[in-house]
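Here is what TrEMBL records for this protein:
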{"type": "BINDING", "residues": "12, 14, 96, 207", "note": "divalent metal cation 1 binding site"}
{"type": "BINDING", "residues": "136", "note": "divalent metal cation 2 binding site"}
């Protein structure tokens, strides 16, 4: 089977990034059928490519860029709060949200506490809007999981998860999902994690334009194939099985047991029955 021709589901990428010229890049990706469904961070490109590009909306735990990159403050979330209900019908998840306790970004208790407040508020919004969450967790796996469990959050994609296998298995028990970028193909510790997580809890992502196999080169949406091949290699199964499991994890019909129910129509358009 030519699995590239069948299409992939990239559950986490950043099409609005400056590295991409959005319209021309999505056209190229769509025409080559590297990806079936794309998720990004802000609702813009999906308006041009309905049924192909889907949007998430949320405030990341790190804000700014370059020398100004810093731990998020609660006042940085407040102006965006009215946008969540405004875009409810236009997004498939709240995200990318989460916690990043990397020491050089969140070195103090106050910084970490503010991140938790921002994260908690957005989790509460996801419950109010009945939407899944797309979660970033760096050096904060236990606190991230505890915060979500305390609020009863159940529809979770842990993007590019880097926690310990023991923590991951707690998340599997909570029926959370995981996705991994092409960069993990160079990481033996992450291979151990992928080997332990059940296939039905694994999705595919590129996190493009970041987290490719070479930091000096822009990560491309087509590199989703690297994620598929790496999962295949680690688990010792065929790429067809990896691809089918990832697609079904993202777009099945029942909201109670799947991640992004709003993508049901497009998954069926790709030739997958999820009923």
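Glycine is no exception: its Cβ is also placed from the backbone N, Cα and C atoms.
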Students should find that the Cβ of residue 14 (divalent metal cation 1 binding site) has, within 10 Å, a number of other Cβ atoms equal to 19
Enter the number of other CB atoms within 10 angstroms of the CB of residue 96 (divalent metal cation 1 binding site).
24
Using other CB atoms within 10 angstroms as the count, which residue among the binding-site residues 12, 136 scores least?
136
